[in-house]
Each structure stands twice: as structure tokens, then as C-alpha cells.
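Swiss-Prot annotations:
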BINDING   52, 121  Fe-coproporphyrin III binding site
BINDING   181, 264  Fe(2+) binding site
């Protein structure tokens, strides 16, 4: 299989105060979220001038991917499309069509399976192609990459860097806590039994081992919606409170569920959780995400090369008890389980 282009597909985010509410309305469309709740969330963005870091990080990642493609002698233009804000995926796919692109690889900024981590991106692809009409390019979503060696390496290195920011006497006993985005239990049951949770748990174990930790915790963050709807638990804030009560003096939090330092990292962890830790007398260090590292660009191009060359997926050696689904075409589901 060959490709004419690469599409980086992401979530999107506002880039000015006037964009915050329209963006949040796009994100929550059809979910009946009260406006007062949206206004409360909007304050998180307005704290940073109404600008989410995600689009800037993705543009930097595209630059890094272009450099990696050039280094490998692969002449592929890189396009950028989002689900919830400009550049919208529908507009990007139309531009690809107009530029004569016939088949493109799609790299999404989610390493995971499950509805939120994978299926929604398949829906984005299908929606973009439908909007572009019969001459839309074929779009091949690249595989889930939660167990790619470079992802594990980047997070392990980030943990070491975060540990070094703690006061030296606290480093040895600092508790390592992995966190990922919580989802409703109903959503967690789609795409196979507990697929998302199992992938996150497996990846956390790989990263902990690579970072030299045998003991660690894995929790969830950033839940939303009505309190009567059950979501994955424990919450990172509740877990931090329990650690503080048990006498823990230092915590390293690794946001393994995210590939960039977007608003749910810089607000939920760097602001809210950091404030909670300070009040509890716990030293908190947050590991960085891959963002636009050259290694993350290398990972993206590795996935393209796997498809072009028909190579087996690069995975951390050893037995993997957790499924990770491969590439799929034009928004088709990676597994029929996601249609259940």
C-alpha cells in the first residue's frame, strides 16, 4: 500500500477568548449540558487567555513529522484536521480532495482503543469523507500505539525528569501515579470488555518498568457530566487525598492517557491537582507528555512505514495480554466489537 499524504487528526481547541464557548458547544453538542456548566469549564480556558495549547503543539508535531519524513526520504505532505475546532476535518478532507490526494494515512492524537480513543476518530474520518463527496480520498487510520516502544520510552524518560525536580530527600520514596481520562462505565463496556482500561493498565506497567518502578498506582481524571452517571474510578484528586492521609510526602503524576500537554493536563493537573497537593503538604511533580518530541514524530512515521512495508507492528517485547487493533479504512471499525 502507498500513500499520497498524511492527515494528523486531533480533538481541536480554541485559540482566543471569543472561540471558547463555541468550541465547548461543539464538544458537547447533543448532550444537553447546561450552559452554566459550559461557562464553568470556559473559565479553565480563559485562565490561559482562551487559548488551548493543543493546536500549537500539533502544529509543532507536524513540523517534526515533516522533518522525520524528509529524513527517511518519504515525500508526503502533512495535513491537519480537528473534530471540534478549526481546521475542521471536513474542510481538511475537502482540501485534500481538491489537491488530488487519493489515499492518505491518518495519525490520531490518541494511542488507545475504545469509543473515545478510537471509534470517535473513525466517525470523524467517515464524516470528513461524506462531506467531501464521491471524490474524497481513501483514509487509512493507523493502528493504536499504546504499546509502541517509543511511547513507553518517552514517558519513562519524562518520569525520570519529573523525579529530578523533587527535593532530593523526597525522591526515593515518591509515589508514582499514572492517570488517564476517565470515561462513563457505559462507554468503557464498548469495543470489548474493558479494552481501554486494560490498554491503559498495560501501558502503565510497561512505562513503570522502564522507569525502574515496581510499585505504582493507576487512576483517572477529568470526569464530567451528572454525578449520578458512573465513571471510571478512582479519581486522581481522591487518590491524592488518600495518599496524603497515609503520610505520602511526594507524588510523581504521569498523564499516560494523553499525548500532549493540553488543557486537561495544564488545568486539571498543573493547576487544580497542584493546588490540592500544596494544601495537603505533598510535593507534586508532573511528567511531561510526548508533545512534539522528535521521538513522537518518529513513532508516527514508524506506523506509516509498517503499513507501506507490510511489517509487523513494533511493540515492546514480551507477552501482551491486551489487544491492540490495527489500521482501518474510511472510518470502518477496527473491530466489530465496537459496533455492539
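Even glycines carry a Cβ here, placed using N, Cα and C.
Positions of the features from Swiss-Prot, shown on the structure.
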residue: 52; record: Fe-coproporphyrin III binding site; Cβ contacts under 8 Å, 6 or more apart: 13, 14, 15, 45, 262, 263
residue: 121; record: Fe-coproporphyrin III binding site; Cβ contacts under 8 Å, 6 or more apart: 9, 83, 106, 108, 110, 141
residue: 181; record: Fe(2+) binding site; Cβ contacts under 8 Å, 6 or more apart: 116, 220, 221, 222, 257, 258, 264
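Under the DSSP three-state reduction, residue 264 (Fe(2+) binding site) is assigned to helix. Every protein chain shown contributes to the tally, and the Cβ of residue 264 (Fe(2+) binding site) ends up with 20 other Cβ atoms within 10 Å. In the three-state DSSP classification, residue 121 (Fe-coproporphyrin III binding site) falls within a helix.
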